[in-house]
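Colleague: Structure in structure tokens, see below.
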Amino acid sequence: MTKTVYVLNGPNLNLLGTREPQVYGSQTLADVEQLCTAACARHGLALVFRQSNHEGALVDWIHEASRLHAAGQLAGVVLNAAAYTHTSVALLDAVKGTGVPVVELHISNVHARESFRHHSYLAGAARAVMCGFGVQGYALAIDGLAQW
């Protein structure tokens, strides 16, 4: 049975490649999806790759992933909640309430940036937190999920 990895991207990540390239790099979200597709293929995993600027959509997708988790068909979720990392109790409750294995991911090193980015509501509920590896962090997170 092939397990699935969900890669969920939050607000403004659709602007990758043009938004603050000195912070986030020049690769686009389509480039990130290709990177994730290749990483999943190396491990024989299926990929669901999504982006939304809306908090509720991210919550719904975590709930969707939890159904695969309950059926033993989920490797895990890579969650780049972007700004919602620092504000969303709803995402925290979704992760805690479903028990899905989550890797919290940030392209930049959030701890080297503005102080408001240093706090994560999600970190305590995530299995792992990755930041500062650029978009390559997505592939590293998938590699980690494949080992669990």
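Using N, Cα and C of the backbone, Cβ positions are placed for all residues, glycine too.
Copying in the features that Swiss-Prot gives for the protein in this structure:
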| type | residues | note |
| --- | --- | --- |
| SITE | ARG19 | site 'Transition state stabilizer' |
| ACT_SITE | TYR24 | active site, proton acceptor |
| BINDING | ASN80, HIS86, ASP93, ILE107, SER108, ARG117 | substrate binding site |
| ACT_SITE | HIS106 | active site, proton donor |
Colleague: Considering Cα atoms only, can you say which of ARG19, ASN80, HIS86, ASP93 is the nearest neighbour of HIS106 (active site, proton donor) among these recorded positions?
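Modeller: Of the recorded positions ARG19, ASN80, HIS86, ASP93, ASN80 has its Cα closest to that of HIS106 (active site, proton donor).
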Colleague: State the Cα to Cα distance, in Å, between HIS86 (substrate binding site) and ARG19 (site 'Transition state stabilizer'), rounded to an integer.
Modeller: 19
Colleague: Around ASP93 (substrate binding site), how many other C-beta atoms are within 10 angstroms of its C-beta?
Modeller: 14
Colleague: Among the recorded positions listed here (HIS106, ILE107, SER108), identify the one with the smallest other-Cβ count within 10 Å.
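Modeller: Counting other Cβ atoms within 10 Å of each of the recorded positions HIS106, ILE107, SER108 gives the minimum at SER108.
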Colleague: Taking the Cβ of each of the recorded positions and counting other Cβ atoms inside 10 Å, which one has the highest number: ARG19, HIS86?
Modeller: HIS86
Colleague: Within 10 Å of the Cβ of ASN80 (substrate binding site), how many other Cβ atoms can be counted across all chains shown?
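Modeller: 25, counting other Cβ atoms within 10 Å of ASN80 (substrate binding site).
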